[in-house]
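Database features (TrEMBL):
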{"type": "TRANSMEM", "residues": "33-54", "note": "transmembrane segment"}
{"type": "TRANSMEM", "residues": "61-81", "note": "transmembrane segment"}
{"type": "TRANSMEM", "residues": "93-114", "note": "transmembrane segment"}
{"type": "TRANSMEM", "residues": "126-149", "note": "transmembrane segment"}
{"type": "TRANSMEM", "residues": "169-190", "note": "transmembrane segment"}
{"type": "TRANSMEM", "residues": "197-216", "note": "transmembrane segment"}
{"type": "TRANSMEM", "residues": "228-246", "note": "transmembrane segment"}
Amino acid sequence: MPFEYKNRYYRITKPEDFNLFQTLTFHPEHRHYILWTLPLEIAYYFVLPGFVLVALKLGRFWWVMFIPLYAWVIHGGLYTIRDNFHRQPLSKHLPTFVAGSMAAVIFVKLEAWVKSTGFKFGTLHIVGLRVVETALIAVYLSVVFRGLFFNWLGVPLPRPTRYSMPFTSVNLSLLFVVEMIQPSSVSLIFEWAGLRYLGKISFSVYVLHVFVVFTPPIQEQTNYYDKMFAVFGLVVLLATASYYLIEYPSQLLVQRLASRFAEQAAWEHQRIPNEGDTDSGELDAARSSVDLLVNHNKPW
């Protein structure tokens, strides 16, 4: 790719800054534009086993570690500024990952408790969950749009001086927990066919949207809505083509290979005992022949 396009689509200022091997191997200093998230996700996979192990070791007191963890996550979300995310280490985003992991544990534990005790949600329980859910949605939208209920209640947020990522991980993860425990109309919105389709092509959107956003004819659009609809439509078309031409066939190939490997493993598993039976039979036959020979040579 010529340097002109590297500069346009991946924001590389000097030709020597781009190293294809280090980019593909997720080197921390070569996370150009959209590629910054993958190294963080991979790094968290090395932290996650420790989190799970501690939760298992605590047994029924699993919730004890969540008190300081949630305090740490909320403090980090309120007082940590995440703006230059291309160069940020995992520590800046660790609270986000931990919030998601804690929500997953909470759901698993609550679901197991409901099944083991036969608990039934009554009217008051459902109303309480809906109140909590409404509060989570209100706070989430207010934080994302930097206003709404903050302005309506007379506590406006300070005007931002630069872009920074909003703190939404706790609200969003707990909202998912509530919806999985007791689904509502919010779940129906999440399950809308349009959103499900966007979820299906989301990886292609993630990888390819820069080739639309930073294309000169799109960047030169002055009308906000013209630009928004043009970007949305072209990104969906490009991601759809990528999904059906590359991503979906690759998924089918992986499924075939996995099925083939499973069949091969099953065949090997069956062959080894059969060979053992054959060897055992041959050994028994040899022993019988020796016994007959010995008995035949005895003097009686």
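Glycine residues also receive a Cβ, built from the backbone N, Cα and C atoms like all the rest.
Worth saying up front: this structure is predicted, and the values here are computed from it rather than measured.
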Segment proximity, the transmembrane segment (169-190) to the transmembrane segment (61-81), 3 or more C-beta pairs under 8 Å:
yes
Three or more CB pairs closer than 8 Å, sequence separation of 6 or more: does that hold for the transmembrane segment (169-190) against the transmembrane segment (93-114)?
yes
Folded-back contacts onto the transmembrane segment (197-216), same chain, C-beta under 8 angstroms, at least six residues removed:
8-10, 33-34, 231, 234-236, 238-240, 242-243, 246-247
Non-local residues, at least 6 beyond the ends, that sit with Cβ under 8 Å of the transmembrane segment (93-114):
40, 44, 47-48, 51-52, 55, 62-63, 66, 69-70, 72-73, 76-77, 80, 82, 169-170, 173-174, 176-177, 180-181
